[in-house]
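Written out below as structure tokens is the structure these notes cover.
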Amino acid sequence: MPKSPHKLFKANSFWKENNLILREIKHFRKIAILAVIFSFLAASFEGVSIGFLLSFLQKLTSPNDPIQTGISWVDMILAADAWPIPPIYRISLLILLSTWMRATFNYFGGVYTESAQLNLADRLHKQIFEQLQALRLSYFAQTRSGELINTITTEIERIKQGFSGLAFVLTRIMTVCVYFVVMFSISWQLSIISVLIFLLLAVGLSTLNKRVRETSFGISHANAQFTAVAVEFINGIRTIQAFGTQEFERQRFYKASTNQLNAAIKVVLAWTLVKPIAEGIATTVLISLIVISFATFTLPVASLLTFFFVLVRVIPNIQDINGTVAFLSTLQGSSENIKNILQTNNKPYLKNGKLHFQGLKRSIDLVSVDFGYTADNLVLNNITLTIERGKTTALVGASGAGKTTLADLIPRFYDPTEGQILVDGLDVQYFEINSLRRKMAVVSQDTFIFNTSIRDNIAYGTSGASEAEIREVARLANALQFIEEMPEGFDTKLGDRGVRLSGGQRQRIAIARALLRDPEILILDEATSALDSVSERLIQESIEKLSVGRTVIAIAHRLSTIAKADKVVVMEQGRIVEQGNYQELLEQRGKLWKYHQMQHESGQTNS
């Protein structure tokens, strides 16, 4: 059964190469249609103006002879008895009119084309944002942030240029079509020969365009690597300077930059080869047609001159089309990167539930939970644990024991590989994620501070917080004093990642942020580890006040921070090895007692 026109179009290589752009046009089709209409009108008036220009030149050189351009409709319009004013003036008027009409339509065509490509970039930005918002954290753990930034910025900008290129090709094709109409009206035989030769040229250049397309993937990969290295350099500048690794980073940065340069040169060498080859072949076509026409066809001199005048105007447009198609081929790597991010069949998504979480009534139960960041490497093994409402559950263990990973399962940053997490007897996956997380607050050892004011950082995620509430939580978090000492107090901008704050100050801002949310469930991941002993004591007191009536999951290396917990869970290598009351576990002289002894000897307990 023959394919439908729609399926044939989608099977076409042009669609396959540019479908990212073409499929998005439907979302701003009105703008795109207006751009096409105005571009077509501009192309039409360009063809019309050629006929008038030829007539104008003919009247200047032979004012008494009848107009013979070889274009019958032009000759008819400009016939001597058709107008009450002299021919030279009427032609001048028509040239000016067609020129200004073409300029007007070109202006509107350009405006709508630019508007369409801006809409395209806006849609792609938002689609990628929504895609990244919906993905599990495991995706980000396996993907370099620099590569994502490169896709959101550089690659989308290149695709935006691609839309402009497509619009340019479409405009030039319409212009060439108008020229061919003029040429066919003069000599259909010469026109058919011209079309066949140009088609052969297009087929030949398609081989070069394939080469350009292949090199485009190299430049996209090099751009992604360069951006990743640059982002790591900027984010890690403190560590780089502290370890004196400037020379190592210089070599790494220079290598990434050189790779980007070499990849770009390969693209340029392949791309720029297309236009001169097209120009050489087109000139050969022109000379060959002149020879053929004089040897074979008997056309009036005026018609022949008009035909070749139009053909001379066609050739640069053909060259521009071929050059732009080659440029579009350089964007295939960018297009593939964007499509790879937007693909849904190979991404880890969180399954969102439909039940609105009203709050914890009884307990959170982990039942035979296994979890691994990869399928063949489990981080948690057979975890069975009950976290009771309104009580503090402390997770203790050496680094890498799985404490943070276990806590990350509660707000569904990850889902178990096996087993279930039950909230009041219901699988946590039944609940709508945001309603669940709005009842929680997380203070982690990796505190993120936004490049905005202290006030906005504390109030982040809590709408409608009053000034008094913000000051109060800052006081409870032992942050009010240093905030008031800042140049602009609560209005002080903190810089990227809170670069103007010490580690302890950043931690206290994060604790104040959590206090303001007034959460039912509080997750403290080494929340006081970055504080000095005085601040730690003050924060510990405020956390104890905050914990009253709330469910707290506290993670700490220091035993002093979990001594008053209702339940202590000791973990080793992803397994629970002990759980119970702090004092009871010490009396058993098991794993917790060994941790206690080790830290007591190093002076880290308060006993």
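The backbone N, Cα and C atoms fix where each Cβ goes, and this holds for glycine too.
Feature annotations, reproduced from Swiss-Prot:
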- G397, A398, S399, G400, A401, G402, K403, T404: ATP binding site (BINDING)
- 32-330: domain 'ABC transmembrane type-1' (DOMAIN)
- 364-598: domain 'ABC transporter' (DOMAIN)
- 33-53: transmembrane segment (TRANSMEM)
- 77-97: transmembrane segment (TRANSMEM)
- 163-182: transmembrane segment (TRANSMEM)
- 186-208: transmembrane segment (TRANSMEM)
- 290-310: transmembrane segment (TRANSMEM)
DSSP-derived structure type at T404 (ATP binding site), helix or strand or else coil: helix
Candidate with sparsest Cβ neighbourhood (10 Å radius) among G400, G402, the listed binding-site residues: G400
Same-chain residues near the transmembrane segment (163-182), Cβ under 8 Å, at least 6 residues beyond its ends: 18, 21-22, 35-36, 39-40, 42-44, 46-47, 50-51, 71, 109, 113-114, 116-117, 120, 191, 194-195, 306, 310-311, 313-314, 317-318, 320-321, 324-325, 327-328, 331
Near-site residues: ATP, ref G397, A398, S399, G400, A401, G402, K403, T404, CB cutoff 8 A to centroid: M571
For the binding-site residues S399, T404, the one whose C-beta sees the most other C-beta atoms within 10 angstroms: T404
Among G397, A398, A401, the one of these binding-site residues whose Cβ has the fewest neighbouring Cβ atoms within 10 Å: A398
C-beta crowding around K403 (ATP binding site), within 10 angstroms: 26
Local confidence of the prediction over the domain 'ABC transporter' (364-598), expressed as mean pLDDT: 83
Three-state secondary structure, which DSSP defines for S399 (ATP binding site): coil
